[in-house]
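What TrEMBL says about this one:
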COMPBIAS  234-256  compositional bias 'Basic and acidic residues'
DOMAIN    48-175  domain 'TFIID subunit TAF5 NTD2'
REGION    230-298  region 'Disordered'
REPEAT    333-374  repeat 'WD'
REPEAT    403-435  repeat 'WD'
REPEAT    445-486  repeat 'WD'
REPEAT    487-528  repeat 'WD'
REPEAT    529-570  repeat 'WD'
REPEAT    571-612  repeat 'WD'
């Protein structure tokens with residue numbers, strides 16, 4: 001029976017059953033059958049791997065052709081969509097098609113997400129979704145994208161017109177939109193324009209509910225200065241210089257009493273309280289307003305000479321602001337031949353340390369260098385023994401002290417508060433303690449399994465923190481060769497570490513784009529800060545302990561409120577990596593050093609000032 005006979009039989013049967021529109025339907029069926037080969041090809045294309053390439057390419061072309069006022073918001077969708085299109089292809093075993101898709105569109109995201117692309121290249125099979133924490137977190141979480149109402153409507157209309165079930169399905173499953181009212185905002189104005197929610201965000205929200213004590217610790221040197229009237233005026237400085245004999249008498253009484261400087265604090269407080277009661281400046285000081293917290297760690301006590309030196313230094317500092325900028329003293333270490341990997345300055349500015357890729361550590365004495373001609377200082381670079389020997393013959397003393405002991409590049413160096421010790425961390429997985437008095441290595445600390453990127457002394461000395469490629473941070477004390485605490489939780493390298501001013505917490509910045517705050521006593525994570533788009537390279541704590549600044553590889557600096565865990569304000573201006581951050585003594589200015597060959601000063605008081613009705 002041929003096709004026409006079959007059609008006639010079916011038509012007659014349908015007419016007997018009362019179906020009168022069957023002829024038109026059968027005619028439409030015949031018409032469709034003439035297009036059957038093309039229809040099958042389109043269906044196969046939609047079901048095949050090419051649908052990801054085609055759907056993403058059409059959405060990408062439409063987004064780039066959009067109006068400039070909405071383009072930057074519409075382009076936010078492309079990177080999450082790019083990730084999940086690639087991961088879907090890998091999950092289905094279409095590895096060749098996945099790599100073709102990846103290589104075709106990766107250039108669109110190289111500038112903003114180069115680190116993520118490097119990690120994504122390691123996803124080579126479906127089993128990696130369970131084995132790799134980065135891939136697993138992306139697969140289990142959703143991207144949250146902030147977008148204005150009109151941009152959202154434009155996107156939805158275009159997706160419906162595309163009729164691509166593949167792209168719509170990925171967006172529905174892996175992307176969540178936070179629609180805002182008003183005009184579209186630029187990406188630089190909102191650090192959370194594209195953020196990852198789900199397991200990581202839920203964990204961060206749960207952790208950030210914990211209470212932290214962000215104030216300064218009691219009986220610190222800063223606390224003593226604040227109680228005596230904060231920073232001195234020029235008149236008070238002159239009076240203080242004329243009363244050195246009184247300080248010596250106080251020092252003698254404290255030594256006789258055996259109280260390690262407690263009577264000095266009381267005497268200086270009483271003396272300054274009467275001297276500054278009528279001359280104190282009316283300017284508000286954020287440091288003095290910070291609450292006083294009892295330290296959980298047993299902290300060492302400074303000697304009388306050291307405490308007097310710290311107190312005098314703090315009292316002689318000038319209060320800085322946007323209208324009273326600091327004086328700047330720059331030092332340049334020349335002839336390093338790209339071998340200088342880190343540097344550090346002692347708290348009193350008398351010593352400078354430099355770590356080199358040839359595993360050496362060098363320390364320069366500024367008092368000796370200032371007495372030498374410029375040519376002598378310019379030779380104190382990386383030409384080790386010969387330059388130092390020549391300088392020693394001319395001056396009678398070596399201006400540069402060479403410390404050797406590491407077997408790999410030195411990545412970090414830090415001075416103790418008194419300047420009598422230096423810590424250095426290296427690619428050889430060790431931390432070494434050096435004495436600036438004896439010019440010798442005292443202890444070698446071993447515990448990390450991979451190169452150690454950073455090490456920092458605590459503000460009170462004795463304790464120090466380190467971080468490593470092994471994705472952990474560790475707390476140490478000078479008198480023990482094993483770590484006291486191990487902080488584990490980051491998903492990638494821990495690149496920088498910073499102590500809180502009250503010594504109860506440390507902050508760590510990681511290549512997983514998060515900053516974590518850890519309780520030193522318990523070793524638990526008490527805050528997770530999410531918002532950076534690249535690895536965190538530098539951290540700084542405000543003197544009052546309430547705020548923290550973090551700098552990343554893209555050049556963005558973020559100010560965080562430790563109590564709430566939220567970003568107060570982003571500081572945008574650098575165009576490359578932010579390698580170092582530091583607050584002024586009263587916390588009104590933030591200095592940042594970047595790989596774009598600039599040093600910037602930021603007035604952070606305008607961005608982080610809290611209204612009176614919100615202060616507790």
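Residue numbering: from 1, along the chain as shown.
Keep in mind that glycine also has a Cβ here, set from the backbone N, Cα and C atoms.
Mean predicted confidence for the repeat 'WD' (445-486): the pLDDT average there is 93.
Under DSSP, the residues of the domain 'TFIID subunit TAF5 NTD2' (48-175) split into helix, strand and coil as follows: 101 helix, 8 strand, 19 coil. Counted with DSSP, the repeat 'WD' (445-486) comes out as 0 helix, 22 strand, 20 coil. Same-chain residues lying 6 or more positions outside the repeat 'WD' (445-486) and placing a CB less than 8 Å from one of its CB atoms are 217, 220, 295, 297, 299-300, 302, 408, 411-418, 421, 423-433, 492-499, 501, 503, 506, 508, 510, 518, 520, 523.
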